[in-house]
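First comes the structure, then the notes that go with it.
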Amino acid sequence: MATERTLSIIKPDATRRNLTGKINAVFEDAGLRIVAQKRVQLSEAEAGAFYAVHKDRPFYGELVSFMVSGPVVLQVLEGENAVLKHRDVMGATDPKKAAPGTVRAQFAESIEANSVHGSDSLENANTEIAFFFAQTEILP
């Protein structure tokens, strides 16, 4: 098993309801370690650039608007097989299909306001982490 790092974003629907601590506890209970974390207000340019891969999808505009609707918590999580473990702990994108105990089953309001984002591959994790964090902001 390899120690990996992945990007996690606690989205505006969750920060608005002060769920950061509860979500962090789910991650940590699953064996993921928070090695960087910051609470920020994304600009439209930042959110648009981050989600540029979805630019041609019908939900892109709404996604960008949602991601700038309030503060987000950006995190780098570390652990054994962190990318897959984080995705398992987040649960299905649609909270109605998310397994009990997952972040989305517990906290998501809808498929759009689903509380968290997580990298979908190790390659994307590295790209996404570098988008938001300087190496000096991440614990060794």
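Just so it is clear, glycine is given a Cβ too, placed from its N, Cα and C backbone atoms.
Bear in mind that the values here come from a model prediction, so they are computed numbers and not experimental data.
Sequence-distant contacts (6 or more apart, same chain, Cβ under 8 Å) of His117 (active site, pros-phosphohistidine intermediate) comprise Leu7, Ser8, Ile9, Lys11. The feature active site, pros-phosphohistidine intermediate is assigned by Swiss-Prot to His117, with sequence analysis given as support.
The ATP binding site feature in Swiss-Prot is assigned to Lys11, Phe59, Arg87, Thr93, Arg104, Asn114; the stated evidence is sequence analysis. Using a 10 Å radius centred on the Cβ of Lys11 (ATP binding site) and all shown protein chains, the other Cβ atoms total 25. DSSP assigns Lys11 (ATP binding site) to coil in the three-state reduction, placing it in neither a helix nor a strand.
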- Restricting to the same chain and to sequence separations of six or more, state which residues have a Cβ under 8 Å from that of Arg87 (ATP binding site). Gly118, Asp120
- Task: Give the number of CB atoms, excluding that of Thr93 (ATP binding site) itself, located within 10 Å of its CB.
- Result: 14
- Task: Taking the Cβ of Asn114 (ATP binding site) as the centre, count every other Cβ atom within 10 Å, in any protein chain shown.
- Result: 22
